[in-house]
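The structure under discussion appears below in the form of structure tokens.
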Amino acid sequence: MLEKLVSKRAALVAACLSGFTVSSAMAAWEPTKPIEIIVPAGAGGASDQMARMMQAAIQNNKLSPTPIVVTLKGGANGGEGLMDMQASAGDPYKMVISNSAIYTLPLANKLPFDWRKLTPVSILAFDNFVLWVNANAPYNTAQELVEAMKKEPAGAFKLGGTGSKREDHILAAAVERISGVKFSYIPYKSGGEAATQLVGDHIKVNVNNPSENVAVWRAGQVKALCVFDNEPMDYPAKVAGDKSWKDIPTCKSQGIDFQWIMLRGVFLPAGVTPDQVAFYQDMLGKLVETKEFKEYLEKQALKPSDLKGAEMVKFLEQDEALYKDLMTQSGFVAN
Amino acid sequence: MEALDSLFHGFGVLLTFHNMVLMLIGICLGILVGVLPGLGGPNGVAILLPLTFTMDPTSAIVLLSCIYWGALFGGAITSILFNIPGEAWSVATTFDGYPMAQKGEAAEALTAAFTASFVGSIVAVMLITFLAPWIASFALRFGPPEFFAVYMLTFCSFVGLGKEARHKIVISLTIGFLLAAVGMDTVSGELRMTFGSVELLRGFDFLVAVIGLFGISEILLAMEEHLAFKGQEAKIRFTVVWRTWMTLPRYWMTLLRSSAIGCWLGVTPGGAIAASFMGYNLAKRFSRDGASFGKGKIEGVLAPETAAHAAGTSALLPMLALGIPGSGTAAVLLGGLMVWGLQPGPLLFVEQKDFVWGLIASMYLGNIAGLIIVLATVPLFASVLRVPFATIAPMIIVSCAVGAFAVQNAMFDIWLMLGFGIVGYVFKKIGIPLAPMTLALVLGDKAEDAFRQSMIGLDGGLGIFWSNKLVGTISTLALIMLFWPLIGKAIDMIRGSGRSAPGAASSGSSRP
Amino acid sequence: MSDDPNVGVDPALVSTRSVEVVVMALLLGVAVFLGWDNLRIGAGWAPDGPQAGYFPFYLSVLLGGASVVGIVSALRHPDLKDEIFVGRSAFGRVLRVFIPTILFVFLVQVIGLYVASFIFVALFMIVIGKLSPWKSVLTGLIFSALMFYVFDVQFNVLLPKGPLEAAFGF
């Protein structure tokens, strides 16, 4: 799906065509009171970090005339924050940073939420998933891991991830189907927890995002086997010893033909005016050009994105269909 | 020693006029947010985080960590004066701190609380200074079974302490556990007991419950009896501080035990709240005079405060060394680190020497400065008791409401707080203890998660709690604690002495 | 409870025994309700450990059992019948705080926290504390203004606000 990522200019054109006027001059609407960034996740997690970074970058570069306030609403895996956004129709002072919870929560928990009831603004980045094992593990490639697993009884390998019936769990189930192996999936509260549990050898494998494991990777405590994407990550700088993000092979090349990326996108509530949307698109467009944001992307090994307007809606629809398909196959959809 | 060299380097980084001023500002702000119920710790740090974006990381962390120390100190003040915990971890401080204030010993109680906080923090900082790498690797040995065993130990050191009827303790515990289970279940990814309500999605926050159960209900009780808080006007002189200090060496064992408990629970994220309860309970259990706990015993103030602060301080270690926060505040600080461009994790100690040792040095200086500042304000805070009830009561109710709201920015939580206020009032009057409920509410879902995570996999089964030396030791300790009253009786019988088992008397509740 | 200073002067509104029985019965109801809900989502022991409803279900059973014990022991305890849960005038005083508090929370929802707390503090001082009106109004005003300055102006804490703040553009 990433080949479909369009260039910046094309996205602008698409946004214009879709009816959102993005003017290069100052947008007609301006905020007059603080803007709230709703984080549908707990303190210290990837979404929270992103919100804090945005808060810092927007304030340091004076991209908004009013202050930015970060509000954590992480109850029910973010369901609380999403429902709050859905109930705030017409309020242009709230934006939410969301991930794939916008699909998984309605499917797995029958949460009465639909991202179509929000106003998509833009997708700022995509997060990759990497297959990680403990540094002392005897296998160095995904093939070796799969072979080692096939020698043991099914379920002997514990795979830890964030939550249950969410992206990590769906990914683990997909790997199981493709490789014909079986993990014991252990749900933790956060990716950070899954990282330390891997270092402590309480689990054998995790599928954390790069940012969740980068610290322990650099310390030589874990090994990266492969990345679940069509192409290696585009960060050639050495990060862990002599390894860079770019050196991690794709899982496809290792015999696990599966792509899985997660959006990190911004939404406004429903019923906001095109002027207001234009302000936010303009502000976020300047945000992604700041030094802070670029450093942040590299540090977290995120994939840049400039999807917005109609392109973003199209992406969300395809992505949702993919989630629905995979979750149905794994039996995660509530009936 | 290498650690000492690094530490002195840290002091060098810190001792600039700019940083010292920031430190003082941070502590005063921290005490302020710590005093307001619900607004301390994580919230205070989160609110002030944006102020630090333009600072260099060392100054920023000095400011924020000093707010943290200030909040740690400040949480005890309202617990002692009004029986309203300013912070979740000062719930246990109310058990003996408030009775002391009622006896007219508010100044002694405050002095004891502040000093104990200081001792706990300093022990934890020394631990961080000299044993950081070793402790970080110790924390890595904790998987789900070990976590569960720790939570069990906390519960078991608690059960069998109260003098209330057994069924009332059971009621309190089960209500706490049930409330903790409301919301998203981590292990199955299913919603439980939310009944389709959006407000229940987030579950019950510990702080909202505590503010209602203790704060609001106390005002109702005060109203019923005297139209006043029962705090006696105390004559406050600075000699009180000195006199209180003179008595402290007697309690070295309590201070040491609580420090150890706190450091341990802070590093293996059990948290300051669990530490304060466990510190209190063990002090009561092993005290020669356990029966007088809950009636205004200074040991009952020292024990939870020392443990809470040792835990609160040592919780920063896993955050720095492993990137996992040991407490809510540590989680917010973690977010801050990222904003300043630092990567917490094993390499932070190697790559960011200035920052890490500056922070550690600020823990020493911040605590010393904090102690001096809070001690200087003891007369001020104790004199709050002289303000007319009709003036202070509505202000307390308003700040309770602000606190309940600020936890999760939810109007519903203010109503919930009122509900818990009624529950607290009725339960206190019919003798259902509140402490077991608060403990179960804060640890319940963590314990359940850890238990169920342990059960997953081929080795899942009850045997896993004795599958290695570490978890086996903790599990066995937990069982010993559970049956301690029986064991104590047996020991007494062997000795042939007539006195009753130390743990079997007195209540954990704040009402005499 | 026996230390109630009003024993003898304040006629009982309700006995401790009645309150205990009512509370226990309520808890029993809650326990049955929650037990049923958890049974619905699955309270068994699956191959990979307990299901989502397992612990809450058995906790509900425990709670229910303890409430039944509570009802029985309260009914069999003769002393409790004469023990005063709360006297008439004492309860009156409790309501004099609690009802305004409920109104305050309601006001917060309607007109925002700052205006509501000004009204609450000022009226509380005048009506319940019988303090002089101008002192009370001034105290309320300073208190609310200080809160607004600290939370809203200085630290951007978004507390509930109402039409008055909106009129001034906040």
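Including glycine, each Cβ sits where the backbone N, Cα and C put it.
Per TrEMBL, these features apply:
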type     : residues  : note
TRANSMEM : B:21-40   : transmembrane segment
DOMAIN   : B:21-438  : domain 'DUF112'
TRANSMEM : B:60-82   : transmembrane segment
TRANSMEM : B:109-136 : transmembrane segment
TRANSMEM : B:142-162 : transmembrane segment
TRANSMEM : B:169-188 : transmembrane segment
TRANSMEM : B:200-221 : transmembrane segment
TRANSMEM : B:260-280 : transmembrane segment
TRANSMEM : B:319-343 : transmembrane segment
TRANSMEM : B:355-381 : transmembrane segment
TRANSMEM : B:387-407 : transmembrane segment
TRANSMEM : B:414-443 : transmembrane segment
TRANSMEM : B:463-487 : transmembrane segment
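Between the transmembrane segment (B:169-188) and the listed ranges B:60-82, B:200-221, B:414-443, B:463-487, the one holding the most Cβ pairs under 8 Å is B:414-443. The transmembrane segment (B:387-407) makes contact with the transmembrane segment (B:200-221): 3 or more of their CB pairs lie within 8 A, with pairs spaced 6 or more apart in sequence. Confidence in the domain 'DUF112' (B:21-438), given as mean pLDDT, stands at 83.
Contact counts against the transmembrane segment (B:319-343), taken as Cβ pairs under 8 Å, peak for B:60-82 among the stretches B:60-82, B:355-381, B:414-443, B:463-487. Most Cβ pairs under 8 Å with the transmembrane segment (B:463-487) belong to B:142-162, among the candidate stretches B:109-136, B:142-162, B:260-280, B:355-381, B:414-443. Against the transmembrane segment (B:60-82), stretch B:355-381 shows more Cβ pairs under 8 Å than any other of B:142-162, B:260-280, B:355-381, B:414-443. Same-chain neighbours of the transmembrane segment (B:142-162): 169, 173, 265, 268, 270, 274, 277-278, 281-282, 284-285, 433, 435-436, 439-440, 443, 446-447, 449-451, 453-454, 464-465, 467, 470-471, 474-475, 477-479, 481-482, 484-485, 503-504, 506-509, counting only residues six or more beyond its ends whose CB sits under 8 Å from a CB of the stretch.
At the 8 Å Cβ threshold, with sequence separation of at least 6, the transmembrane segment (B:414-443) lacks contact with the transmembrane segment (B:109-136), having fewer than 3 such pairs. Remote same-chain partners of the transmembrane segment (B:355-381), defined as residues 6 or more beyond its termini with a Cβ less than 8 Å from a stretch Cβ, comprise 6-7, 9-11, 13-14, 19, 23-24, 26-28, 30-31, 35, 57-58, 61-62, 65-66, 69-70, 73-74, 77, 81, 107, 110-111, 114-115, 117-118, 121-122, 125, 128-129, 236, 238, 240-241, 313, 316, 320, 342, 348-349.
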